[in-house]
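Please read the structure below before turning to the comments.
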C-alpha cells in the first residue's frame, strides 16, 4: 500500500530525530524490528467523533454507537444502499394485514449469529419480547430511547398499557408475525434503526443483564455483542477509545474484503483531517466544511451523504416582536441563504424551503417561499414599527452537529445580513448544554439556531419533534397545527399519510415559526486507496463493500 | 523525616475535604444540567425529569452532598453520567496517557534544560548565554496550543516526520497491560509497538515540555551562577582541582536543589498544559476527558477527577520536599 | 538595643525602602533587557490606546462577511492591508484593537488577582506575625484555602470559574483574576513573614504599638516590592491565559471580537489556506507577553539585594 510504505519510510527518518530529541537511546535498538506493514492493506482504520456508549444497540441512540452496531448487527429491515427506502435484510419479505395491525415477516434462510445460534423466528420474537419487557430502570431516554419513542410504551413502568406492541408469534422456523395494538404506518421504516437489530438470544442470556444498575457497562455491552453482521467484535479499549472488529468469514452475504476494522475517537474535525493526511487513519466522518475542498485537492476521496437533516433559525413568539408575522417575514426576506451556505456549510449544500429535507415523505413542492429581498425586509420592519430595534440572537459554541457544522460562522453571517436591514443584534453565546437549556426550557431567548438529523424516513420524525406540541422553544400555542400533525399517525400506510403531511408543510411555511435555512451535506473523507464506501443519508453504511487497494 | 511526612499527609485531609465541598458546590453552580447534556436537542421535559430522578439530582442539595460524601468515604467516586463507567475506572484508563505525556515532557525539559542552563551560566554574558536565555524566554511566552499547532503543522503536515494524532498507530494491535503504551510494549516484548508509542509522544511532549524547559534553563542558570560565585568553589578552584571535578562535585550538586523544587512545581503547569496539548494532538488523556466532562456537565467525573488530580499534585509536592531533604542535609534536621 | 533605637531603625528601613527603589531604578536604566521590555510594552500600550487612529474601520465589524467562504478568505487588498479574517472583519483592525482587549483583560484580571490575593495574603501574614495564638489559627485557615486553590492547576481553576459565569468577557477576566489569587496571597504572606522576623517588628510589638499600625505602616510597605514585580510578570501570564481560555471556547459571545486568542482559535481551521490569520495574532500574543516578562524579570533582578554585589 503506497500510503503506508511512504509513512514508514518517513517514520524511520522521524525515528532518528525523535531519538535525538527524547535524548535517550532508550529504544533505538528496536528500530531494526520495524514492522513489515505490507499486510496492513486489509486493516481499515476509521475515526469517529466520540467513543460508542455501549455495544448493545438497543440501549443507544447516538450515531457513534450505531456506526459500530451496523457492522456487527443487522435488523429485519435495512435500507436500499444510498437511500432512505426500507429494503429486505434479515427478513426477505413482509406482509401487512388489511387492518394494518399485524406484520408477517419471511426470514432469510441459513443465517446464524456469530456464536452459531441459528437466526430464526424464535430469535426474532425473543428480541421483540426483550424490548417490550425492558425493566423500568432502563426505560429512560438515555437508554431505551427509540423503543419508548416509537413503540410508545413498555410492559411495565409508567408507560405500561400505552404501548402499541402486542405480541410476536413464531409461525414456523422462518416466519414470524408481529401484532400491534394500534396502527403505526412508520413501523417498517422504524425497524431500519440499529436499535432494533437482531441480537443473539443465547449471548444475551449468557452475558447481558437487562436488570443491571448500569446496563451500559454489562459484560454483553462491553465485550460480547453478538449479531449476524459481516464483522465480529474483537476488543474495545476504553482508555484509547479504540474498537476492533474482525471479518466474519461465515457471513451469509457478501464477505468483507478487509480483514480488520479499527474505529478510533478523534473529537475535532481538524484533528481527524490531520490524522488522515498523516496516514494515521484511512477515513473519517464529519469533515469540517473548510477541509472538504483542500482534502479533495490533495487526492483524498470525499464522499457526500445525501442530506437528511435540517438547520433552521427559530423565532421565539413568546417574545415581542416575533409574535408579529410581519417581523418574521421581514427576517426571512433579510436572509440570503446562499451566502449563509457559502460562509458556513460544505459545498453542494442546498437551501431549504421547509422544515423537512427533500428526501422525506410528505415534502411539498409548493410551499410559500420568502426570497432574499432586503428592501422588502426593511419595508416590513418599518410597517411593523420595529425598524432599528435590537434583538437577541442565541447560538451555541464549541459544537459541531451534522446539520450545523459551524454555528459561529452561521451566526456571524446571518447577523451581518440582519444588520444590513437595520436591526441590531445582541449576541448570546453558550456552551451546547447550557444553550439547549436556554432555548428549549426557558422563555428567555430571541432568535436561535437549531436543527435535527432524521433517524429514518418518517415526516413525524421532523414535524412532530418540532411542532407536535406547545413548547418554550417556539413560544406559540396553535392547537389546530398540533392536531393536523397528530392526525396522520392514525393512518396505516405511508402512502395514505403523504398528502396530509404535505399540507402540514404548506401550513407551517405560511405560519412561519422559523426560517428553514439549509440541509448541510455531511461528508466523509478517505485515503485514495479506499474504495467502495457507500454513503447513506441515514448512515446505514456497512463496511463489507470496502476495498483497500494494495 | 517520617514525622514530617506523616504530618504533611495529615494536612492533606482538610485540604481534600475542603476541596470536595468546593467541587460539589461548583458543579452544581454550573449552568445547564447533565440530563440535557445526555439527552441532546430533542429531550422531552419528562425524559429529563426521569434522568434527574434516577441520578438523584432532584433531591435536596444537602442530601445529595451527604450521599456523595458517604460514598467517597467508602472509596466510591460514582459513575459517569455520560458513559456509565465508574469514575475510578475511567481515571485508571486515562491517567496513564497523561502521566506518560507529562513524564516525556519533563524528561525533555530536564535532559535539555539542565545542560543548557549550565552552559549558559558558564558563559555568562557571552553570546551563548544570550541565545539560551532569550530562547528560553520565548518558550515561556508562546501559548502552549499555538506552539502545538505549529509543531504539528511543521513536523507532521509539512515534513511528515512524526505522527501527530493518537497515542499509537491503530494498525498495530498492541497488547495493553498498564495503559502506559511504551511500558506495555517493553513488558510484552512488542518493541515495535513501544517504539511507535515513543514516536507518538515526541511532538506532544515537546509542546508540553517547552515551558518547563524554559523555566528549568533559567533556574539552572541562576543556581549555577550563584554557586560559581560561592567561596567554596573559588577555594576549590584555587586549590587547583580540575574544573571538571569542581563542576560535578560542587557546582552541579549544589545547584540541583532549586532545580528539583522547580520540577515539583511544574506538575500543576504540566497538567494545565495537558488539557490543551491533548486536545491538539487527539491524545486521549485526563486533560481532554476532563474538558469534555465540563462541557457535558458530567458531575461525578468532574468531582472525582479533580480530587484525584489535586491529591496527586499534593503528593508530588510532598515527594519534592522529601527529595529536598535527601539532597540538602540541612533540611533533614528541621 | 534600646526600643527607641529599634524604632529608629525601623524608620530607617523605610528610608532604606526608598533607597532600594532608587537603586533599582538606577540598575534598571542600565539593563538592555529592561529597555527591550520597556520598548515592547510601550509600543503595545501605544497601539492599544491609539487604536482608532491606526485604522479607519470599526473593530468586530463583519460587514464583509459575504466575501468569506468556507474555504476562501480574501487576502491583502487595497482596502484591507492584511486582508479579511474568517468572519469577514478587517484583519489589521482586529489586530490593533486586539491589543486594546488584551491590555484591558490583562490589567483588570491582574488587578483582581492582586487585590484579592494581596488582601488575603496581608490578612494572613498580618495575623501570623502579630496576631498571637488566634492569629496563627486564622493564618493557617486562610492558608489552607490558598492550598486548596493551589491544588487545582491554574488553568483548570480559571476554566472552572469561567464555566460557572457563562460566556462573556467579564467571565474570562474574573476567572483569570481568581486563578492568580493564590499566587499573590502566598507571595505577600511569605514576604511579610520574613519581614516579621525583623528586629523592628519585634520591637514595635514589644512596645505595644497598635498591631494594625505595625502591619499597615511597616510590614506592608516593605513587602510590596516583590508583589509588584509579580504583577508585571502576571500580566504576561494573563495575556496568554486569555488566549488559552478562548482556545477552549470560553470568552465573549461575539465570535468576531477583536481578541487575539479568539482570532488564533478561529484561524485554526484555515491554517492551510491563510496561515497569516493564525500566525499574526499568535506572534502578537507572544511578543506582548515577552515584553511584560522582560520588564518584570529586570525589575525583579534590580530589586534583588543580591544583585547589588
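Every residue, even glycine, has its Cβ placed from backbone N, Cα and C.
TrEMBL entries are annotated by machine, without manual review.
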Requested in this report: Looking at the candidate ranges C:171-188, C:189-206, C:207-224, C:225-242, report the one that TrEMBL labels transmembrane segment.
Outcome: C:171-188
**Report entry** From C:75-102, C:103-130, the residue range that TrEMBL assigns the feature transmembrane segment
**Finding:** C:103-130
Query - transmembrane segment according to TrEMBL, located in which of C:34-54, C:244-264 - result: C:34-54
Query raised in the report: Do the transmembrane segment (C:277-296) and the transmembrane segment (C:103-130) come together with 3 or more C-beta pairs under 8 Å, pairs six or more apart in sequence?
Result: no
Report task. For the transmembrane segment (C:171-188), find every same-chain residue at least 6 residues outside the stretch whose CB is under 8 Å from a CB in it, and list them. Result -> 105, 108-114, 116-118, 120-122, 124-125, 142, 146, 149-150, 154-155, 157-162, 165, 223, 226-227, 230-231, 234, 237-238, 241-242, 245-246, 250-252
Report summary line: Near the transmembrane segment (C:103-130) in space but 6 or more residues beyond its ends, with Cβ under 8 Å, are 44-45, 48, 136, 138-139, 142-143, 145-146, 169, 172-193, 195-196, 201, 205, 211-212, 214-215, 219-220, 223, 227, 231, 234-235, 238-239, 242, 259
